[in-house]
Every structure is written in structure tokens, then in C-alpha cells.
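Undergrad: Just lifted these from Swiss-Prot, have a look:
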- 8, 10, 19, 24: Mn(2+) binding site (BINDING)
- 10, 12, 14, 19: Ca(2+) binding site (BINDING)
- 14, 70, 98, 99, 100, 208, 228: carbohydrate binding site (BINDING)
């Protein structure tokens, strides 16, 4: 199975798999059962921003999800990613719908990683920014139902021609270049990611959510991972 570390923006509480009974953000380490969650007031139809940071000195993964009106949620979890992830990874965004549905629209996405090594005092860095997404976005690997180019956005899950979200959909977008996320001689490994998103649903219960994830470089969508599994995990263990 793939090795996945993710920050989930979970719009639908699946209490049967350990979700709290409200929309939340969470940190997932190799399982959809979050290690840590925080309550999140998801604003239907409003553009939000997610900011994720990690630093190997503090060994802490943190995320803040906010809206322009100042409403925000914060979650952090202490983890040494050297012990969890392979040295080379890919970073991506994933989303799913199930019985209930929502649009999982990404308007922008940026990422920076730095690796400072002892031996050479050099810093290896990878940086990318998407302020919009074109129809033929060559530097993204699109999986499942993900598409780019509609209004310059990335749609992670299926949307009909009139803009209505579709159920039982899953899609992911990964940056094409592998990221050197850690190495044994590194003094500091750090990264930060930011994306802006729009979740819109005609349902009283939007579902299921968006995640920023880091995975082994050959990761693909597990079969049956629509709905509560967010396109990331093969099961709810």
C-alpha cells in the first residue's frame, strides 16, 4: 500500500471511523483515522485558504485553514517524517464525494521545500506556484476525475457542465517532480504548502473533503476510496 501523510479538510463526519461529529481538519499518518483533529466551520460557497508547515527541528506538522472573515481552525501534531515517509516523495491534493457531494475546487497552490545538509552547507530547495491552472497543465499528474482549465481552476472531483457537483467521485493532482523530503545528513528539512479552495454544495451535508498529501512517488488512487476515504486510503483501518 502507499505511504501517505495528509492534512484533511473533512466536511462530513464519519463517526464510525473515528471522525468527530462535526466538520474538522485533521492530520493523517498512514491512516484515514486522524491522529489529531480540530473543529472547522466550513463555509459553503466561500473561498478559504489552507496553510501547512513542517520543520524537522521541531518535528511538528501544523495546518491553519482560514476564511477572509477571520474564521480559522488550527491543528498540529508532533511527528518525525523521516520515520514515516521515503526519502523521495510526491506532493498532491486529493478530494472525494460520496452519497453526499460538493465541489472541490482549487484556485491556487504553492509549495516550498528546503533541505539543509551538514556536509556541504548547501540548501536543496523545490518551489512551485500555481496561481491558475491551464487546460493542458503539463507539470501536474492528474488522477481519477481531476481536471484543469475550467475558469483557470483545478476541479478535483466531477462537476457537471452546469457546475453541479457529482456524487461518488474521486480525483487527485500531484506535482510532476519528486521532492527530496529528507536525508540522513540533513540538518534541517522543512516545507510549507498553501492552497486556496472553494467547497460548494447544494446538499445540507457537503461531503467529503479535500486533503493535501505527501506520498511515495508512484502513488495512485486506491480502488474504492471515494467518500470518506478521500482518495487516499484503501480502507478505514
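Using the three backbone atoms N, Cα and C, a Cβ is placed for every residue, glycine included.
Map the listed features onto the structure and describe their local environment.
TA: Residue environment of residue 19 (Mn(2+) binding site) contains 20 other Cβ atoms, counted within 10 Å of its Cβ in all protein chains.
For residue 14 (Ca(2+) binding site), the same-chain residues 6+ apart in sequence whose C-beta sits under 8 angstroms from its C-beta are 208, 228, 236.
When Cβ atoms from all protein chains are considered, those within 10 Å of residue 98 (carbohydrate binding site) total 18, not counting its own.
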Undergrad: As a test of the contact definition, list every same-chain residue at least 6 positions from residue 10 (Mn(2+) binding site) whose Cβ is closer than 8 Å to its Cβ.
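TA: Listed in sequence order: 19, 23, 24, 25, 26, 34, 37, 40, 208, 209, 230.
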Undergrad: Could you check the binding-site residues 12, 24, 70, 99, 208 and say which one's CB has the fewest neighbouring CB atoms inside 10 Å?
TA: 70
Undergrad: Using the alpha carbons only, what distance in Å do you get between residue 12 (Ca(2+) binding site) and residue 100 (carbohydrate binding site) once rounded?
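TA: Distance (Cα to Cα, whole Å): 9 Å.
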Undergrad: Which one of these binding-site residues has the most other Cβ atoms within 10 Å of its own Cβ: 8, 100?
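TA: By the 10 Å Cβ neighbour count, 8 comes out on top.
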Undergrad: Using all protein chains in view, find how many other C-beta atoms are within 10 Å of the C-beta of residue 228 (carbohydrate binding site).
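TA: Around the Cβ of residue 228 (carbohydrate binding site), 21 other Cβ atoms lie within 10 Å.
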